[in-house]
Amino acid sequence: MAKKSKFQCPIGMHDILPEEQAYYQKIYDVVSNIADFYGFGKIDTPIVEQEELFSKGIGLATDIVNKEMYILKTKGGDSLALRPEWTAPLVRAYIENGMQSLPQPVKLWYFGPCYRYERPQAGRYRQFWQFGFETFGESSPVIDAQIVQIFYNVLQELKLKNLITEVNSIGDSNCRPYYKKLLTSYFRNRVASLCVDCKRRLKENVLRILDCQEEKCQSIKSDAPQILDHLCEECHKHFKDVLEFLDEIGIPYELNPYLVRGLDYYTKTVFEIFSNKKEDKSLEEDSKRVALVGGGRYDKLVKVLGGRETPACGAAAGIERIKDLMKSQEIKLPKEVLAQVFLAQLGGLAKRRSLKILEIFRKAKIKVAESFGRDSLKAQLNRADRFGIKYTLIFGQKEALEGVIIIRDMQNGNQETVKLDKVVEEIKQRLKK
Ligand code: AMP
């Protein structure tokens with residue numbers, strides 16, 4: 001067992017060790033290829049933003065702003081927050097960098113860590129990575145469908161199985177206020193039966209009662225008025241068009257009238273993509289679903305944060321959850337290219353010159369392993385054997401003085417001395433065989 005050190009990673013955060021990096025790299029490669037194909041430009045924003053960006057953008061009544069932000073006061077007295085999500089920072093960057101004057105739509109993607117002070121549990125961390133795609137300046141429902149398609153494509157390209165896409169519309173400022181009134185009066189009449197959190201939600205953000213997972217709220221929810229019956233004409237048409245586009249592209253989806261998402265800024269379309277761990281019999285029914293992606297349309301946010309009214313649509317995916325799923329579904333990653341050549345050196349002069357030889361091989365793109373810290377030939381050959389190396393180069397005092405090097409075939413033990421300036425060519429020829 002690893003020794004317990006005096007210092008530990010902050011709760012809910014983790015190191016990404018070398019053996020895990022291959023997953024992040026694979027996800028990054030797939031996402032960046034797809035981003036490139038669909039014409040998205042990559043953006044990075046600072047890890048911290050002014051706290052107010054999130055309280056204004058995401059909304060004071062959300063858990064993220066209310067309970068989960070890491071806030072720090074700078075020496076200058078500014079109040080900054082570690083970013084809990086990327087959409088508000090992207091909107092800030094879009095406005096601040098004059099992207100409203102560029103030809104629209106402006107399409108951006110990102111890949112990096114977020115911070116939320118949540119109760120850590122499996123798949124829920126305090127530092128986690130997200131990638132996402134956001135489109136600004138396009139109101140057509142085809143964009144909503146395309147955003148769903150892009151995330152679906154990423155997950156499929158990563159070979160993830162059992163994906164479920166759920167969609168809903170939460171209307172806009174025309175129809176949502178009336179629906180919220182209906183909902184408030186419905187739940188007010190049943191307030192005694194709601195869980196403690198939902199009693200609070202009833203005052204602060206009634207829509208959130210719809211995605212409550214508490215047992216006692218389920219039956220009350222199931223008879224609540226549904227937003228799809230109360231959408232205004234424009235939102236209704238928009239939603240119908242989104243579904244037709246999804247049908248056209250052949251993305252399987254389910255309608256979920258209770259999907260409202262945790263953030264205040266959404267308008268019209270909202271969606272999530274889950275993976276269903278059907279096969280895992282040890283899990284409770286409700287923990288079989290892992291939320292991988294969430295997003296939707298947010299036509300008001302750019303204006304709320306100080307820009308011109310600009311329609312926008314996008315989503316974010318959780319990278320740790322995708323990585324964990326790739327592992328549990330036993331998705332194979334490309335094998336790391338192992339070194340086929342080992343450079344063994346003997347004596348001070350040879351050791352010094354070996355550093356140069358290594359560089360010649362690096363430039364020729366041939367991976368060479370070494371063990372410069374060891375002086376005995378036997379120890380170095382043992383190491384080469386352990387790496388399963390095909391050829392070992394032996395370079396001692398005599399060879400260094402004569403400008404030659406020995407190539408040893410590790411399978412049959414045959415050795416041949418070649419000129420140092422020919423060694424790369426010689427190795428290339430042998431590796432081709
Ligand atoms: P959200 O920004 O809350 O819509 O989340 C988008 C996606 O990020 C979710 O579907 C999850 O995959 C992932 N995610 C959100 N919160 C966490 C967390 N605390 N730990 C790990 N992944 C998360």
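Every residue gets a Cβ built from N, Cα and C, even glycine.
All TrEMBL annotations are machine predictions without curation.
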Listed co-binder of L-histidine (same site as Glu85, Trp86, Thr87, Gln130, Glu134, Arg261, Tyr265, Tyr266, source TrEMBL) among Arg116, Arg289, Arg308: Arg116
Secondary-structure category, per DSSP, in which Tyr266 (L-histidine binding site) falls: coil
In sequence order, those binding-site residues of Glu85, Thr87, Tyr266 whose CB lies under 6 Å from ligand 1: Glu85
Per-region confidence, the domain 'Aminoacyl-transfer RNA synthetases class-II family profile' (23-334) (mean pLDDT, whole number): 92
DSSP-derived structure type at Gln130 (L-histidine binding site), helix or strand or else coil: strand
